[in-house]
Amino acid sequence: EARRQRRLLLVGVCVALLLDNMLYMVIVPIIPDYIAAMRGGGGTAGPSAPAGGNGSGGGNRSLLPARYPPASGGNEDVQIGVLFASKAMLQLLVNPLSGTLIDRVGYEAPLLAGLAVMFLSTATFAFAENYATLFAARSLQGLGSAFADTAGIALIADRYAEEPARSRALGTALACISFGSLAAPPFGGVLYEFAGKRVPFLVLACVCLLDGLLLLVLAPPGGTGARANMPVGTPIHRLMIDPYIAVVAGALATCNIPLAFLEPTIANWMKDSMGASEWEVGLTWLPAFFPHVLGVYVTVRLAAAYPHLQWFYGALGMAIIGASSCLVPACRNFGQVIIPLCGICFGIALVDTALLPTLAFLVDVRHVSVYGSVYAIADISYSVAYALGPIVAGQIVHTMGFAQLNLGMGLANVLYAPVLLFLKNVCQMKPSHSERNILLEEGPKGLYDTIKMEERKG
């Protein structure tokens, strides 16, 4: 029963992460009408616009470019960039608070609260008729994601305490994030075309509501004695200055910069440099989903066989990202550009799948086994890249050029890869004052320890 409940809980968290990405990307084929309404016009066809994602633990990474009508002025470009970046920007601001709150009250209540805010955001999207409402809905989604994504990933790390089960569970969550990014644009486009712009959001709102009810049954807030006696987690500011956690956070931010900065810029570059058609621009990121899932699978299998090489998988992923990023400007047609983009997503999968479980292990052996703050730090790392991408990337291309942007991003990843050598001996660390390991070595000393011991035996 405990094993079945844990699997159902994993399904519920994965659905929440998938919904977050779908909600972010489902607006891609619908945004033209909003922009046209802002102008008072009616056209909906046009070139590509900035699109970004955010990481929860991910992380929420988009795999398709957004599209909007031709801009009528620089002010509108700024509005579009801020709109797409607002989710990650709010996550960046809220995550330090959400991580601390999750550590204090447990994982279940913030997860359900985040889903409730996402439900409200989805309903607001459905009935939005102007830029202000759209911006409010996007920002609300960022607020919900800061709680739901962080609490969901932390809950997985808590329930799957042993390797390789933890890596498999977190890998499944990453695959759901990618699938949400892949499925959302066609899902939104088809329903928008045949049923209207409100229907995609109403469908997602219903799924969000059902997922919240499932999680409420499986993990009710305050429903376990263990949570009532949960130990005090390490403050987020102390985790941030832990050198090992800082190295992991830097890697997560650096590896996602190419994706975050390419999404708003590659479509216009393809049109200008190779005369890419509309369908080619729309399909640019679709093939990258499959190497991303392959990277998750490969890393999980390698981590199960050689767990002491997690740092190497992350470093290899960053080297692949760096090399692939440098190759993008050399491509001359649609078929060629797909190859380095697949390489970038494959490398990101290696880094994320290797380093997200490493964060939980570091907390286990160096701090207290409470995971809200450490995964809030991971979400902050993702949000830095995806908040800057829609706003900064276009300016860099305008002033320095597309090739220079890619070479800089590639060089940053290649130079950061050796830094992960610092994590080489992490697997040999002995537990210090982790409550989980004290529990194993010395036996239960209180209600929380007793319940955790029973859970682990089960």
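Just so you know, glycine gets a Cβ as well, placed from its N, Cα and C.
Straight from TrEMBL, the features:
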- 9-428: domain 'Major facilitator superfamily (MFS) profile' (DOMAIN)
- 7-31: transmembrane segment (TRANSMEM)
- 109-128: transmembrane segment (TRANSMEM)
- 140-157: transmembrane segment (TRANSMEM)
- 169-187: transmembrane segment (TRANSMEM)
- 199-218: transmembrane segment (TRANSMEM)
- 239-262: transmembrane segment (TRANSMEM)
- 282-304: transmembrane segment (TRANSMEM)
- 311-331: transmembrane segment (TRANSMEM)
- 337-362: transmembrane segment (TRANSMEM)
- 374-397: transmembrane segment (TRANSMEM)
- 403-423: transmembrane segment (TRANSMEM)
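Listed as Cβ neighbours of the transmembrane segment (337-362) (distance under 8 Å, sequence separation of 6 or more from its ends, same chain) are residues 57-59, 61, 63, 153, 157, 163, 166-167, 170-171, 174, 178, 242, 244-245, 248, 251-252, 255-256, 258-259, 262, 266, 270, 274, 284-285, 287-296, 298-300, 303, 310-311, 313-314, 316-321, 323-325, 327-328, 331, 371, 374-375, 377-378, 413, 423, 426-427. If you take every residue in the domain 'Major facilitator superfamily (MFS) profile' (9-428) and average the pLDDT, you get 82.
By the count of Cβ pairs under 8 Å, the stretch nearest in packing to the transmembrane segment (140-157) among 7-31, 169-187, 282-304, 311-331 is 7-31.
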